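Copied from Swiss-Prot, the annotated features are:
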- Ser62: active site, phosphoserine intermediate (ACT_SITE)
- Asp12, Ser62, Asp441, His442: Mn(2+) 2 binding site (BINDING)
- His123, Arg153, Asp154, Arg185, Arg191, Arg260, Pro261, Asp262, Arg263, Lys333: substrate binding site (BINDING)
- Asp400, His404, His460: Mn(2+) 1 binding site (BINDING)
Amino acid sequence: MSKKPVVLMILDGFGLTNKVDGNAVSAANKPNLDNILKKYPHTQLGASGMDVGLPEGQMGNSEVGHLNIGAGRIVYQALTKITKSISDGDFFENVALNKAIENVKKNNSTLHLLGLLSPGGVHSHIDHLKGLIKLAKEKDIKKVYIHAFLDGRDVAPSSAKEYIEDIENYMNEIGVGEIATISGRYYAMDRDKRWERVQLCYNAIVLGKGEEANSAVEGLEKSYRDNKTDEFVLPSVVLKEGKPKAKIENKDSVVFFNFRPDRARELTRAINDKVFDGFERETLDLTYVTVTEYDSTLENVEVAFPPEHLNNTLGEYVSKNGKKQLRIAETEKYAHVTFFFNGGVEEPNEGEDRVLIPSPKVATYDMQPEMNAYEVTDKLLERLDEDKYDMVILNFANPDMVGHTGVFEAAKKAIETVDECVGKIVNKVLEKDGTAFITADHGNSEEMIDYSTGKPMTAHTTNPVPFMYVSKNSKELREGGKLADIAPTMLQLMNLPKPSEMTGNSLIK
């Protein structure tokens, strides 16, 4: 007998806005989604700010979106938690951070602060770096060096100068800290095992080798002259009297202040793992602190803000009730439909199968806007024909990953690809008498122009996202929902009572 699967399709970075300029979502030819909107109930969901546990006005992102969807409750994010701890003063008493401080005092060594220098709030926040500099000042640490990773992706592509000057002014004011290296996030924050990129960043911060400049701004301006925006700035060493200002050396302390794990793991492993095979390098004896847990298998790492365990996430609860589930995505979003969707738990639930389709190896995804969506779709259709699964969670990476390139025509093509795939999947789900829910984790490709400057916008947005309910007997949906309401809606369709931990509410009227 055919199971009636409940399928959740997350179209990553597919937001909604009435504005037409720079809107790849509205410009794309998408007959399947247009038809679904005509025929089936749909609503809009909040996917940013307080709706997902972020500060008001803060754009959503994939990690946060999948956490909230999978948890069925608002999950207060590391950004909100750390900012609050700085304003409450608890931050300055943090045990892990103070271990880094004590090590520097004991060995008369150096404190290195690594992370994305940006107010973007997706991977890091510049205010958290200021908190760390203030902590160093309060504890009377003299040798404090910043290894600044430049953004240009969650903020405007060429905005780094503003943030470099902001942090330099803060350090001058407070009387401690200097920038030792700068590096585009393309090198410092890879997540696809492109070790040749990570190695260039490692060489700058550990060996003092790379592009050279007499100041961070000089290094940045040199990069701009070579037509490289912030994200792609080659790892550069800031010199003092012809020598690198600082390198990470034995007995030093390192604090990596990115709070989002996925793009901080590789560099952490390169610097701190005792056994490492990404490239040849010496092992260092460091006190290494990460503000959040990047990976539970990392050794010799202190975690300043350890994860809080989320009980009864959608996947866990469905599993406890004896149901079978499938998670499927390509590499770029695989962690999102597994680790993040499961509340930061790496282990699959019982009865949870996973399918990973490798993302194409291209320099930037505007070169292949369809990415591997067709392969994901074909594999899913095969799996649906096995009639094994009660629930399927699927992510299409295209609207987000191609939206990040800022190339409008490519983003349009990305949406058109996804539309084609959605059409095939919806037909199969209806054939099985199942239900398809179509949503997104945050916006991106619906707003590819910065309306204030007219320049390309590569960041996420604060726009709402769609929620479409496709089945042979769809019911009306209520307004005013948020991502946390999706899991309770799916449980209702699966005839499972909502667990007490889920504070979201079903979207079905």
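In case you wondered, yes, glycine gets a Cβ from its N, Cα and C as well.
When Cβ neighbours within 10 Å are tallied across all protein chains shown, the highest count among the binding-site residues His123, Arg191, His442 belongs to His442. Between the C-alpha atoms of His442 (Mn(2+) 2 binding site) and Asp400 (Mn(2+) 1 binding site), the distance comes to 9 Å. Listed in sequence order, the recorded positions near Asp154 (substrate binding site) (C-alpha within 10 Å of its C-alpha) are His404, His460, out of Asp12, Ser62, Asp400, His404, Asp441, His460. Closest in space to Ser62 (active site, phosphoserine intermediate), of the binding-site residues given as Pro261, Asp400, His404, Asp441, is Asp441, taking the CA atom of each residue.
Closest by Cα distance to His404 (Mn(2+) 1 binding site), from the binding-site residues Asp12, Arg191, Arg263, is Asp12. Cα proximity to Asp12 (Mn(2+) 2 binding site) (within 10 Å) is found for the following binding-site residues from Arg191, Pro261, Asp400: Asp400. Put simply, Pro261 (substrate binding site) is 18 Å from His460 (Mn(2+) 1 binding site) when counted between their Cα atoms. Residues His123, Arg153, Asp154, Arg185, Arg191, Arg260, Pro261, Asp262, Arg263, Lys333 are listed as the substrate binders, and the farthest two of them sit 18 Å apart at their Cα atoms. If you compare Cα positions, Asp441 (Mn(2+) 2 binding site) sits closest to Asp400 out of the binding-site residues His123, Arg191, Pro261, Arg263, Asp400. Taking Cβ-Cβ distances under 8 Å and a sequence separation of 6 or more, the neighbours of Arg263 (substrate binding site) in its chain are His123, Arg185, Met189, Asp190, Arg191. Long-range Cβ neighbours of Asp400 (Mn(2+) 1 binding site) (same chain, at least 6 residues apart, Cβ-Cβ under 8 Å): Asp12, Gly13, Phe14, Ser62, Lys333, His442, Asn444, Ser445, His460.
The most densely surrounded of the recorded positions Asp12, Ser62, Asp154, Asp441 is Asp441 (count of other Cβ atoms within 10 A of its Cβ). Ranked by how many other Cβ atoms sit within 10 Å of their Cβ, the binding-site residues His404, His460 place His404 at the bottom.
DSSP assigns His404 (Mn(2+) 1 binding site) to coil in the three-state reduction, placing it in neither a helix nor a strand. Pro261 (substrate binding site) has a Cβ environment of 24 other Cβ atoms inside 10 Å. Other residues of the same chain near the Mn(2+) 1 site, with their Cβ within 8 Å of the Cβ centroid of Asp400, His404, His460, are Asp12, Gly13, Asn61, Ser62, Arg153, Pro399, Met401, Gly403, His442, Asn444, Ser445, Thr458, Ala459.
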